[in-house]
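Colleague: Quick one: structure below, then a few questions.
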Amino acid sequence: MLKRFFITGTDTSVGKTVVSRALLQALSSGGKSVAGYKPVAKGSKETPEGMRNKDALVLQSVSSLELPYEAINPIALSEEESSVAHSCPINYTLLSNGLASLSDKVDHVVVEGTGGWRSLMNDLRPLSEWVVQEQLPVLMVVGIQEGCINHALLTAQAVANDGLPLIGWVANRINPGLAHYAEIIDVLGKKLPAPLIGELPYLPRAEQRELGQYIRLSMLGSVLAVDRIMA
């Protein structure tokens with residue numbers, strides 16, 4: 001059965017891409033074929049090959065198949081287009097068709113979101129509405145920093161309110177000098193309604209590294225046998 005996961009974060013720049021990379025590498029090392037999917041990528045740059053986004057390129061680099069960029073990132077928005085003040089319709093059918101196409105080709109598709117759970121697209125709708133439509137199980141990335149406990153609990157509650165399961169969370173140490181790191185992890189472990197499936201240490205250029213060893217797929221249990229959550 002095909003399996004898809006949606007990666008959300010407690011905020012922007014908390015490490016969704018490196019955690020997506022880690023999850024893809026962990027699944028691949030277990031003999032599964034994988035693909036990363038960045039439905040909407042903000043802050044993309046013009047290149048001779050067209051609009052490209054650095055996060056989507058990371059996902060493309062660890063996908064099992066040689067896929068065209070557009071298969072990984074169907075909507076690439078420039079810096080100007082990324083502003084919610086820039087009204088721009090989002091073709092959600094295009095996003096769904098792209099996800100379905102990837103799901104037909106590989107065992108696992110890791111779908112990376114944009115910003116946090118309620119981050120708005122240019123049509124002033126959160127991407128989470130599309131995630132609900134697709135009925136994708138959710139993994140949350142918590143950037144361990146001041147205030148992250150509040151952000152993590154609010155995100156978990158929002159996911160639950162939208163009727164989707166939070167199947168796990170990953171701690172990403174984005175601030176190596178943060179005091180009380182262990183205490184924060186302990187509190188989150190007690191308060192979040194999902195298992196901790198990995199801890200990523202602070203690593204320079206993490207997006208270029210092998211990260212699969214930091215993910216404990218066994219903590220996901222039977223979830224790996226689920227394609228989508230049935231309504």
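Cβ atoms are placed via backbone N, Cα and C, with glycine included.
Annotations per Swiss-Prot:
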| type | residues | note |
| --- | --- | --- |
| ACT_SITE | K38 | active site |
| BINDING | 13-18, D55, 112-115, 172-173, 201-203, Q208 | ATP binding site |
| BINDING | T17, D55, E112 | Mg(2+) binding site |
Colleague: Let me spell it out: for each of the binding-site residues (D55, L203), count the other Cβ atoms within 10 Å of that residue's Cβ, using every protein chain shown. Which one has the most?
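Modeller: Result of the Cβ crowding comparison: D55.
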Colleague: If one looks at the chain holding S13 (ATP binding site), which residues at least 6 apart in sequence have a CB under 8 angstroms from its CB?
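Modeller: Result: G143, I174.
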Colleague: Given the recorded Mg(2+) site (T17, D55, E112), which additional residues of the same chain have their Cβ within 8 Å of the Cβ centre, ordered by sequence?
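Modeller: Result: I7, K16, V18, S20, R21, G36, K38, A41, A56, V58, L59.
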Colleague: C-alpha of L203 (ATP binding site) to C-alpha of T17 (Mg(2+) binding site): distance in Å?
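Modeller: One finds 13 Å between the Cα atoms of these residues.
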Colleague: Have a look around K38 (active site) and count the other CB atoms within 10 A of its CB, chains all included.
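Modeller: Within a 10 Å radius of the Cβ of K38 (active site) lie 29 other Cβ atoms.
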Colleague: Give me the count of other Cβ atoms within 10 A of the Cβ belonging to E112 (Mg(2+) binding site).
Modeller: 29
Colleague: Rounded to the nearest angstrom, how far is the Cα of R173 (ATP binding site) from the Cα of E112 (Mg(2+) binding site)?
Modeller: 19
